[in-house]
Amino acid sequence: MEARSMLVPPQASVCFEDVAMAFTQEEWEQLDLAQRTLYREVTLETWEHIVSLGLFLSKSDVISQLEQEEDLCRAEQEAPRDWKATLEENRLNSEKDRAREELSHHVEVYRSGPEEPPSLVLGKVQDQSNQLREHQENSLRFMVLTSERLFAQREHCELELGGGYSLPSTLSLLPTTLPTSTGFPKPNSQVKELKQNSAFINHEKNGADGKHCESHQCARAFCQSIYLSKLGNVETGKKNPYEYIVSGDSLNYGSSLCFHGRTFSVKKSDDCKDYGNLFSHSVSLNEQKPVHFGKSQYECDECRETCSESLCLVQTERSGPGETPFRCEERCAAFPMASSFSDCNIIQTTEKPSVCNQCGKSFSCCKLIHQRTHTGEKPFECTQCGKSFSQSYDLVIHQRTHTGEKPYECDLCGKSFTQRSKLITHQRIHTGEKPYQCIECRKSFRWNSNLIVHQRIHTGEKPYECTHCGKSFSQSYELVTHKRTHTGEKPFKCTQCGKSFSQKYDLVVHQRTHTGEKPYECNLCGKSFSQSSKLITHQRIHTGEKPYQCIECGKSFRWNSNLVIHQRIHTGEKPYDCTHCGKSFSQSYQLVAHKRTHTGEKPYECNECGKAFNRSTQLIRHLQIHTGEKPYKCNQCNKAFARSSYLVMHQRTHTGEKPFECSQCGKAFSGSSNLLSHHRIHSGEKPYECSDCGKSFRQQSQLVVHRRTHTGEKP
């Protein structure tokens, strides 16, 4: 033994501090209970390795080391300091203490064979020490990075959902602050090429049989599945950039490599019986089994549907209307996060998807949410107004109507919205994008709903039917407006005059009569109108367009209302009846003017002579007597007339046309008034009576001549 001791020089001795990892006060306080427990386990494991190498170190020293760390934690709680400001100072102090203790705690290495030279013994011990220390550092680094990623995921979900969801316990139990990995030593040169993968573990400990543990392709399980490109990339043979040095296996994401490396460094106690693969952590086995057996161990609080991964469930709960920016081109499925999008390959290979029993639609999870469309179940109720919803996401969006929250703001105009989908559709106004095109006429629309309504023009579909009269409509709002004609409901009331309307648009147009607003101006003559429809019909005067044609006689009209009135000449329809005398009229204004003959009302008075009339057209004609205006001129003889009807009758003197024929004697006349006077010859009717002597005449002109005999007037 003495000779063997002489082979190793004093400077080759290795102490516990060479391979153990120490924390400062600030660093220790940042660790939670689980992280501190893992630290103790790793420290004890390090002690076991040192003992196996023949280095003398009592277990009480290790325990005292851990107790000192606990004392540091209590001291920090009593007198907290800013860990960022003192981190460098503590690091330097630790290096000084470590240097002093290396001089006073030398341990003799005696297990190397006598045939081995001292330099080889020293190299083995130093290599093992470096590997143990590196394993310890990387194990703790993995723990911190895992917590950081989970905590970042929780913050992201809470930010997007606005606190509207309860996250799984895996995320909700995380501390509000976590230590960073900047305080850990850098990996050695053996893994510098993978520096971007901060969680990489390069630990070369062999299994119990002295051989490297084999990692089968389809039997891997990793604790952070959300950060992987998923097993689908590995199964399809896609090349992975991260390679584990010991086993030669390639992994498709850094966190996969991180956890995969642990299978070579700690005891493997959980066995997956399907593939004979051993897993170093129970979480790995728990998440491995659903891959083989299709079992789901995480349940959705909203729909009671189950998922195979807890973090997958978080993203399932996050999904909602308009919140799915990632889309799979193979199945046109949309996802709220890129990690879910990469999961699509696994979902697409599912052999037994969930199928709705009522409509046959298939789902990969959360089928019960869809079934609520059939059952009408709405379990999520607003506490303020009592309105219910089938999904919790819809309730979160609805509650923003009460709070006024609009978290999605347009960068161009500053307008805010309650949903991201509404912001996306709004931005099309600025970009001019119209992604929805009609395949029939190639017309494009900003919104898909507008395209659906437009396509009903081509198909003639009118899915909204009135239950009272059976009339159908292509849009739902048209049916709602139509029903008000049956109920008499007029919910839109003018605040100035109290007049009510069945449509909001009619109220808006009516209010312009009070304000005098006429926003629609003709580019040709400058005339303005309160409605766009009136401007369109006015412009037909300039263009001469008459798009409405009578199918009976071929006559055309500028306005559809004129065509409707004209068609009553052919049908003989007179829908407007006088309640006093029973006389009927084809137009409403004719009935209004007729009623004035019973009441004697003459609201239209001439400002020149004071004569009054019961119709506005009569006043207009009368005013032409004072002005002498005769705007209607004959093209053949240049004779002018005050009325267009006079010009039409005059032109028949040139053409010889006599379209009005007596049915009794066959005599024809150029004007309808002449035919009417002629009919009185056959009927004996004399409607014009003298008020002085009671004598009657067939024509008004005959009465005028007769009255001169009483007045003595000489024309």
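Including glycine, each Cβ sits where the backbone N, Cα and C put it.
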Do you know which of K205, K267, K534 is annotated SUMO2 cross-link by Swiss-Prot?
-> K534
Candidate annotated in Swiss-Prot as SUMO2 cross-link, out of K195, K273, K295 | K273
Select from 62-84, 131-153, 154-176, 660-682 the stretch of residues annotated by Swiss-Prot as zinc finger.
-> 660-682
May I ask you to name which of K289, K406, K490, K658 Swiss-Prot has annotated as SUMO2 cross-link?
-> K289
Looking at 27-49, 234-256, 464-486, which one does Swiss-Prot call zinc finger?
-> 464-486
Zinc finger range according to Swiss-Prot, out of 90-112, 688-710 = 688-710
Six or more residues out from either end of the zinc finger (604-626), which same-chain residues have a Cβ under 8 Å from its Cβ atoms?
-> 593, 596-597, 642-643
Cβ atoms near K534 (SUMO2 cross-link) (within 10 Å, other residues, all chains) | 15
Here the mean pLDDT of the zinc finger (520-542) is 89
Sequence-distant residues near the zinc finger (520-542) by C-beta distance (under 8 Å, 6 or more away from its ends) are 509, 512-513, 558-559
Using a Cβ-Cβ cut-off of under 8 Å, list the residues of the same chain that are 6+ residues beyond the ends of the zinc finger (688-710) and lie near it.
-> 677, 680-681
